[in-house]
Ligand SMILES: NC(=O)c1ccc[n+]([C@@H]2O[C@H](COP(=O)([O-])OP(=O)(O)OC[C@H]3O[C@@H](n4cnc5c(N)ncnc54)[C@H](O)[C@@H]3O)[C@@H](O)[C@H]2O)c1
Ligand SMILES: O=C(O)C[C@H](O)C(=O)O
């Protein structure tokens, strides 16, 4: 399995590191536009191989996509992150041009690649990559829900004073401060609904903290987060590499599912060797369905700013 990670910044490097440490890929190519930056990150990471016990070969490239040729999976993390006080949607002006150009470069050298989009505003960038590449819809996957679900589980464990490994929960909808939908009704502690342990008010607080999880960290760090984003992407790449058929909430191109069409937005997906192997249709109650429709309206509004 050959993986290309475009963007050698905070998220790209973290993602490349986790992929290497998990040792499931033979090669990781990191591409960045900044002269020698990806080469430097690759060399630094390779010098951890004997310490962290992996055999993955990591190479860097300054904007030379021929090095990425024949990639099975590519991750797009190139673009600017938000600063405290900004929304992800405000990044569209700069990131749309970058994501379009990067997607086109990737498929020139890897026509069968599966692309995972990370750059923000992620649902809109995923839609843009889908339109720009003409790849089949199972091969364009946006990463947001896996990260948001990690944050949801962290907040649930905190509220329950329980070990994180006891918690299950999922976030669907758009990857935005107001659009994500933590599915508290489906969240469990060791298969018991969390509503048996937490009041509705406390669950609302958990959902709110989850939704602003990215903004909270951006305020603390001065730029957006990278460890959990890198871990979320690497888990998705691993599911594809190992054909695991695990369910991840991913931004997927919808054609009628969840009442939506011609949009990429977070829904539960089975990931395997073909990318998105199935969009899983779960029952939403009226309140959840209303939130999903509003979230889709907001993503569609941002998509409207694209020039495609
Ligand atoms: N979807 C998510 O859950 C999620 C999570 C975290 C970050 N993000 C997004 O990921 C993006 C990257 O975040 P970061 O913290 O790694 O930023 P960063 O600034 O640390 O890294 C971005 C890198 O992209 C490179 N780059 C810019 N234009 C390029 C081009 N045309 N080709 C190749 N490389 C190019 C830059 O040189 C830089 O090294 C941001 O848009 C951020 O909002 C999304
Ligand atoms: O919050 C951000 O801008 C980055 C990312 O989308 C995140 O959720 O960490």
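Glycine too: its Cβ is placed from the backbone N, Cα and C atoms.
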Q) In TrEMBL, the residues 7, 8, 9, 10, 11, 12, 32, 118, 119, 120 are said to bind NAD(+). Which of 95, 190, 274, 285 is said to bind at that same site? A) 95
(Q) I need the nearest neighbour of residue 11 (NAD(+) binding site) among the recorded positions 82, 88, 151, 175, using C-alpha distances. (A) 82
Q | Which listed residue (88, 151) has most other Cβ within 10 Å, given these are binding-site residues | A | 88
Q: Return the members of 11, 118, 151 (the binding-site residues) with CB less than 6 angstroms from at least one atom of ligand 2, or none.
A: none
Q: Across all the protein chains here, work out how many other Cβ atoms are within 10 Å of the Cβ of residue 32 (NAD(+) binding site).
A: 25
**Q.** Among 82, 175, the most crowded of the recorded positions [Cβ within 10 Å]
**A.** 175
Q. Can you tell which of the binding-site residues (7, 9) has the fewest other C-beta atoms within 10 angstroms of its C-beta?
A. 9
